[in-house]
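Features reported for this protein in Swiss-Prot:
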REGION    1-34  region 'Disordered'
ACT_SITE  Ser577  active site, charge relay system
ACT_SITE  Asp661  active site, charge relay system
ACT_SITE  His698  active site, charge relay system
Amino acid sequence: MSSVTWAPGNYPSTRRSDHVDTYQSASKGEVPVPDPYQWLEESTDEVDKWTTAQADLAQSYLDQNADIQKLAEKFRASRNYAKFSAPTLLDDGHWYWFYNRGLQSQSVLYRSKEPALPDFSKGDDNVGDVFFDPNVLAADGSAGMVLCKFSPDGKFFAYAVSHLGGDYSTIYVRSTSSPLSQASVAQGVDGRLSDEVKWFKFSTIIWTKDSKGFLYQRYPARERHEGTRSDRNAMMCYHKVGTTQEEDIIVYQDNEHPEWIYGADTSEDGKYLYLYQFKDTSKKNLLWVAELDEDGVKSGIHWRKVVNEYAADYNIITNHGSLVYIKTNLNAPQYKVITIDLSKDEPEIRDFIPEEKDAKLAQVNCANEEYFVAIYKRNVKDEIYLYSKAGVQLTRLAPDFVGAASIANRQKQTHFFLTLSGFNTPGTIARYDFTAPETQRFSILRTTKVNELDPDDFESTQVWYESKDGTKIPMFIVRHKSTKFDGTAAAIQYGYGGFATSADPFFSPIILTFLQTYGAIFAVPSIRGGGEFGEEWHKGGRRETKVNTFDDFIAAAQFLVKNKYAAPGKVAINGASNGGLLVMGSIVRAPEGTFGAAVPEGGVADLLKFHKFTGGQAWISEYGNPSIPEEFDYIYPLSPVHNVRTDKVMPATLITVNIGDGRVVPMHSFKFIATLQHNVPQNPHPLLIKIDKSWLGHGMGKPTDKNVKDAADKWGFIARALGLELKTVE
């Protein structure tokens with residue numbers, strides 16, 4: 001164990017103001033709520049000096065831990081293996097796929113040398129050429145490609161570039177005859193077109209069938225790409241290739257609802273333009289449809305309001321003529337597929353693939369024009385099925401697979417690909433070919449090979465435990481096979497629990513390296529608020545039932561100790577974004593000694609003010625509105641920053657945040673650490689905040705070196721807090 005000294009109370013001075021906000025409570029009337037750290041919401045010289053002092057303290061503590069450098073070396077080695085995506089055949093006659101040699105900060109987009117599906121056993125560089133290398137966008141790794149889409153005819157490539165991980169990005173366009181590689185940059189050739197589409201955020205790129213342009217969502221120009229003011233006045237626009245952004249058509253904007261955001265899609269045959277409207281992050285949206293003629297997208301579009309009330313989630317799958325197939329949770333919390341015939345004045349909704357009561361329909365794609373590939377999530381394990389054009393289930397694919405799956409295909413092609421991964425499955429690409437003999441249609445295209453780890457040395461199991469209110473909760477437990485369940489191991493417990501997002505099995509060489517190095521286990525409970533069991537599971541952990549999310553997470557740790565999966569006091573918890581709220585709320589609510597360490601990353605801590613910054617107003621559907629008295633009464637007791645006790649020993653805590661996070665603004669983390677340090681200044685365990693003052697984003701897109709350092713700091717802190725000895729399990 002690395003020797004690290006800690007002197008309680010050695011924190012930077014944090015000014016406390018007499019600022020008080022007043023809220024209305026349905027049960028108590030007017031409630032004054034002190035906010036002594038309200039000044040940390042601003043961007044001032046005082047805040048800058050405070051963040052520097054806090055960051056320096058955290059770094060000085062981490063620098064004492066010699067294990068961190070050793071972990072960084074191990075993590076870097078464990079990440080050094082080839083990674084790849086499923087290939088896609090475009091209309092230019094080439095296959096395209098992403099490939100990463102191992103430690104590249106961003107995967108490189110390759111293009112096949114020949115029209116045939118590449119034989120990847122010969123090596124990616126032998127069967128393909130670099131088409132687009134995002135690593136050359138900025139020498140220091142500060143620019144990243146966050147999204148890309150090819151035009152339907154395969155002639156254009158549109159890609160969005162973000163700087164320092166920020167949510168705002170700019171779309172550029174290039175011809176597919178103009179690759180971007182290390183070689184082209186060395187020759188001083190960029191090759192992109194003049195198109196420059198700015199202020200792109202929370203959207204995708206939707207090409208029209210004629211390949212003349214694309215739709216996208218943008219926000220009004222602002223002085224700074226990131227900031228804390230609310231996101232408002234989004235607009236869905238159409239950009240024609242070869243024109244300026246000033247010439248773009250505003251396809252839709254609702255000035256009466258400036259907080260709403262939009263999505264769009266076009267039908268495979270180019271006949272329909274679909275517009276989605278969202279008022280928040282709830283699984284409910286409007287669906288409008290417009291018919292396009294030979295002139296394509298133009299001003300003054302006439303919209304048919306097919307769904308004009310926020311009652312359910314609607315997501316277009318495809319259309320066969322005027323018959324549109326939609327994945328929805330309308331009267332089906334586990335989701336189903338319906339059809340609507342747009343040729344009728346009063347479209348009738350018909351079930352196509354009915355809801356399954358014990359499995360959530362997670363993804364549906366149309367394949368080979370008339371078949372449907374569906375992924376169901378049953379007990380947090382993905383199952384893949386093929387359906388006929390009549391909605392009849394034909395077969396199950398990869399029945400022995402346990403993990404998470406995704407589908408990649410183009411509707412008109414006679415094949416589709418599946419990406420399969422799990423806690424100890426680094427990644428397999430499978431192909432289904434409709435033209436092959438039936439017994440040969442499903443095959444493995446390529447499998448990820450990990451260099452420094454043997455995935456077969458690890459195993460994952462699923463257990464069920466009882467939460468505080470008696471609800472049964474599933475939880476995955478991952479371990480190196482040499483680690484015993486005898487009550488001596490440390491446990492890393494990870495969670496999210498919000499926004500109907502499922503905590504699916506995922507492969508992490510860093511986590512497996514930590515488990516192997518320290519003989520620990522990794523636990524992922526499927527807590528309420530997530531989407532593992534459909535919308536009812538989500539509703540069981542949002543707004544007035546949000547307390548269940550924390551109770552489920554705390555009960556998971558107690559179960560691990562009681563059943564000898566973990567040692568008492570050696571459960572460390574980790575989560576990011578909404579998962580950061582989960583971690584902060586759990587250490588505040590749990591009995592003393594439940595957790596040995598906590599690392600909340602970029603989390604929400606002030607539940608009385610979250611809706612006043614950037615996109616936070618969209619989260620009211622998840623957390624509630626503190627301005628409404630009845631909702632204030634259940635929000636206030638859950639808000640982490642307002643419920644830190646002064647008489648309770650807190651676990652070793654390392655909060656991590658990026659100074660320019662434009663999604664969950666850093667004031668949440670700032671206020672929470674200031675409150676912890678003030679309320680329990682003599683806490684025997686460190687209460688620290690690591691602030692990355694060079695990064696804008698919410699945590700995504702960091703260069704490899706920065707990611708490895710962050711991981712080593714986090715896991716090294718946890719190892720020290722739990723008193724773990726660095727070792728290697730043979």
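Count begins at 1; order follows the chain as displayed.
Each residue, glycine too, has its Cβ placed from N, Cα and C.
Long-range Cβ proximity for Ser577 (active site, charge relay system), meaning a same-chain Cβ under 8 A and a gap of 6 or more residues, is found for Tyr496, Glu601, Gly602, Gly603, Val604, Arg663, Val664, His698, Gly699.
All protein chains considered, the CB of His698 (active site, charge relay system) has 21 other CB atoms within 10 Å. Mapped onto DSSP classes, the region 'Disordered' (1-34) shows 0 helix, 12 strand, 22 coil.
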